Amino acid sequence: MLVSHLEMGMLSEGLTQVLIPVAALVGIVFALLQWYVVSKVKVSGDSSSGLSDKLIEDEEDGVDNREASIKCAEIQNAISIGNLSLSLSLSLSENALICLLWPDHWLFNGATSFLFTQYKYLSVFMCVFAAIIFLFLGSVKGFSTKSEACTYNKGSLCKPALANAAFSTIAFLLGALTSVLSGFLGMKIATYANARTTLEARKGVGKAFVTAFRSGAVMGFLLAANGLLVLYISILLFKLYYGDDWEGLYESITGYGLGGSSMALFGRVGGGIYTKAADVGADLVGKVELNIPEDDPRNPAVIADNVGDNVGDIAGMGSDLFGSYAESSCAALFVASISSFGISHDYTAMSFPLIISSVGIVVCLITTLFATDLLKIKDVSEIEPSLKRQLVVSTILMTVGIAMVSFFALPSEFTIFNFGTEKVVKNWHLFFCVAIGLWAGLVIGYTTEYYTSNAYSPVQDVADSCRTGAATNVIFGLALGYKSVIIPIFSIAVAIFVSFSLAAMYGIAVAALGMLSTIATGLAIDAYGPISDNAGGIAEMAGMSHKIRERTDALDAAGNTTAAIGKGFAIGSAALVSLALFGAFVSRAGINTVDVLTPKVFIGLIVGAMLPYWFSAMTMKSVGSAALKMVEEVRRQFKTIPGLMEGRAKPDYANCVKISTDASLREMIPPGALVMLTPLITGTLFGVETLAGVLAGSLVSGVQVAISASNTGGAWDNAKKYIEAGVSEHAKSLGPKGSDPHKAAVIGDTIGDPLKDTSGPSLNILIKLMAVESLVFAPFFAAHGGLLFKYL
């Protein structure tokens with residue numbers, strides 16, 4: 001199986017074992033340093049109310065008074081931990097009296113409270129599914145504790161199936177916990193930074209931008225470094241038992257990816273339902289019916305909306321991209337373990353995916369300095385170019401890094417497992433595989449930006465269509481979304497063809513890893529958006545000046561585009577990851593060819609293509625149902641609370657938060673069950689060939705639907721912001737806020753909210769999760785699957 005001229009790479013095993021954890025620790029230290037710099041911006045607060053931060057920065061031009069700044073601190077605390085001791089429509093003295101008399105009445109669920117409640121539900125799921133993994137995989141050989149012949153390394157003995165069951169279960173739990181930690185840390189960082197970004201906006205847009213971006217970088221680097229470090233340590237610990245059985249070791253480590261993505265699914269769906277129910281309710285009543293500003297403190301849904309930005313866009317995205325990273329690494333490691341790297345026990349070459357991620361952390365660190373220290377923002381017009389520069393700089397630097405790693409870490413020539421045969425591959429082949437994934441990600445990012453940024457004609461055309469009402473706005477938006485699929489799909493297709501031609505399924509796995517190699521920068525850009533959005537909301541609720549709100553709106557508008565770019569990366573990488581996992585599943589299940597003309601495969605193909613639509617229907621209806629309740633509640637409060645519209649009375653924020661929380665926790669279960677149970681039921685009842693068809697169908701269909709949904713929603717959102725900003729003569733002709741075109745744009749935005757923040761982002765998890773779950777359970781399906789066909 002091993003070619004005779006195989007040589008080891010130039011990077012020694014000892015140096016590899018030092019390089020990977022050191023890079024991860026450098027990432028963590030850099031993240032903590034950014035956190036420290038952000039913490040230097042002090043937020044006003046009283047320690048007796050649960051806030052540890054003391055007095056605010058001095059204002060440069062006296063724009064805002066101390067009262068508004070204290071409100072910033074209170075609102076931040078409400079969004080973060082749910083301790084709102086402030087009724088935003090009343091004076092500070094009135095609030096102080098109310099808080100003394102009825103302190104418990106003002107406690108309601110912030111982002112932390114919601115996530116802890118969600119994690120209680122998910123902990124039950126983790127335990128149940130961990131038991132299923134152990135029972136299914138342990139039963140492959142009747143819970144035998146005897147060593148058995150290896151599947152790929154002929155003539156060698158591997159550890160018993162029971163051991164693989166136990167270690168796959170442990171890996172699943174580790175992946176799930178790391179995913180939860182990634183989402184939670186991201187949320188805490190975002191809620192820590194939002195008020196600080198608002199306060200820095202008083203000094204200029206440049207200061208606010210750096211604060212928001214540094215905070216996003218904290219999340220990006222912590223997630224990338226933690227994911228790499230936990231995976232590296234898990235492999236080292238598992239190796240203590242497995243020894244030379246690398247086949248069993250890396251098969252069991254695939255559970256790490258399954259744990260990461262399963263938590264990400266529930267985080268994305270639950271957080272998406274929470275945030276969009278509040279957002280739609282707040283916009284439809286506040287903007288369209290009552291013509292009050294966005295994030296106006298009189299709107300009862302405003303706090304729920306801002307909490308939702310953190311639990312959906314931050315915690316959900318963090319878990320999502322961690323899942324992609326974990327799965328691409330696991331897919332590459334598994335294929336490598338049954339190739340010459342694993343057979344010859346070449347540790348450095350085997351660790352190629354982890355070294356790529358290590359170099360990526362260093363590259364992203366250098367790239368971040370361009371935004372925070374080297375090329376500082378001085379004007380609003382420089383925000384979006386600075387964020388795009390991050391993508392370009394990180395891609396160029398990473399290309400150089402990939403070349404170095406490919407030359408030093410890999411042998412000049414080796415073999416890769418290719419569906420039962422061995423493909424001879426050279427180290428420069430893998431360089432091109434990783435690089436094409438990296439550059440395909442940049443193409444997808446720029447295409448997404450073109451179709452979702454209001455600086456370009458597609459979004460401006462959508463905005464112009466609002467002249468004739470919401471119907472034409474919806475038609476133009478849908479057409480834009482469908483058209484935006486073309487270039488990303490061609491990019492993914494080229495990446496797949498080149499990488500598979502050069503290095504079979506291993507090439508596709510490392511191409512996915514290439515797209516995710518700059519994950520720290522990608523997440524920093526992505527997290528920047530919700531932080532800026534929250535900062536604008538806090539400025540509005542705290543009654544800060546119009547000038548401050550204009551600055552935060554400029555940050556937010558760029559953030560909407562970067563969020564769409566982040567979703568594009570997530571979807572593109574998901575396509576490559578799921579294809580690599582599909583290849584690993586086919587190999588592990590012992591399928592030689594997947595013939596679509598076979599009835600078993602074709603029925604799976606057509607059902608798999610239907611699943612993204614079924615899943616989207618569930619999530620869209622969940623958002624719609626929750627939004628319906630939210631709209632009715634907001635209308636009820638404006639009708640029944642005297643003086644609310646005039647600002648003399650306070651809204652009942654808690655009731656709106658409760659509607660979003662209850663809907664999210666209840667409605668995330670059916671879509672999650674659909675995704676988790678489909679591979680188990682299909683593999684057990686219909687067998688591995690039908691399951692292969694399901695995976696292929698869901699991949700092909702899901703990618704198209706996800707890109708279209710994400711870009712349609714992003715375009716509608718920025719079309720609305722284009723009209724609101726009124727920067728150009730064309731935009732001014734459609735405005736101002738409250739005009740008929742603006743109301744049509746708001747309706748389009750509310751339709752797009754669940755598309756871009758719930759269904760679209762969740763679909764990329766669907767295609768990844770079903771593939772990695774199928775890979776983990778492949779031994780069971782191969783041994784005992786297809787029960788229906790056996791008895792028909």
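Cβ from N, Cα, C; glycine included.
Keep in mind that what you see is a predicted model, and the values were worked out from it rather than measured.
Lifted from TrEMBL, the feature list:
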TRANSMEM  18-38  transmembrane segment
TRANSMEM  121-141  transmembrane segment
TRANSMEM  161-186  transmembrane segment
TRANSMEM  217-242  transmembrane segment
TRANSMEM  322-343  transmembrane segment
TRANSMEM  350-371  transmembrane segment
TRANSMEM  391-410  transmembrane segment
TRANSMEM  430-448  transmembrane segment
TRANSMEM  485-513  transmembrane segment
TRANSMEM  569-591  transmembrane segment
TRANSMEM  597-615  transmembrane segment
TRANSMEM  765-789  transmembrane segment
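Counting Cβ pairs closer than 8 Å and at least 6 residues apart in sequence, the transmembrane segment (765-789) and the transmembrane segment (391-410) reach fewer than three and form no contact.
The transmembrane segment (161-186) shares the most Cβ pairs under 8 Å with 322-343, out of the stretches 18-38, 322-343, 350-371, 430-448, 569-591. Outside the transmembrane segment (18-38), and at least 6 residues removed from its termini, the chain residues within Cβ reach (under 8 Å) are 11, 189, 192-193, 196, 211, 214-215, 217-222, 224-226, 228-229, 232-233, 351, 354-355, 357-359, 361-362, 365, 368, 372, 520.
The stretch from 322-343, 350-371, 430-448, 485-513 that makes the most Cβ contacts under 8 Å with the transmembrane segment (569-591) is 485-513. With pairs at least 6 apart in sequence, the transmembrane segment (430-448) and the transmembrane segment (217-242) have fewer than 3 Cβ pairs within the 8 Å limit; the two do not touch.
Below 8 angstroms of C-beta separation, residues 11, 16, 19-20, 22-24, 26-27, 30, 34, 210, 213, 217, 220-221, 224-225, 227-228, 231-232, 246, 325, 328-329, 332-333, 336-337, 341-342, 386-387, 389-390, 393-394, 397-398, 401-402, 404-405, 409-410, 430, 434, 509-510, 513-514, 516-521, 524 of the same chain, each at least six residues beyond the ends of the transmembrane segment (350-371), sit close to that stretch.
Panel annotation: around the transmembrane segment (597-615), residues 671, 674-675, 678, 682, 686-687, 689-702, 705-706, 759, 762-763, 766-767, 770, 789 of the same chain, lying at least six beyond its termini, place a Cβ under 8 Å from a Cβ of the stretch.
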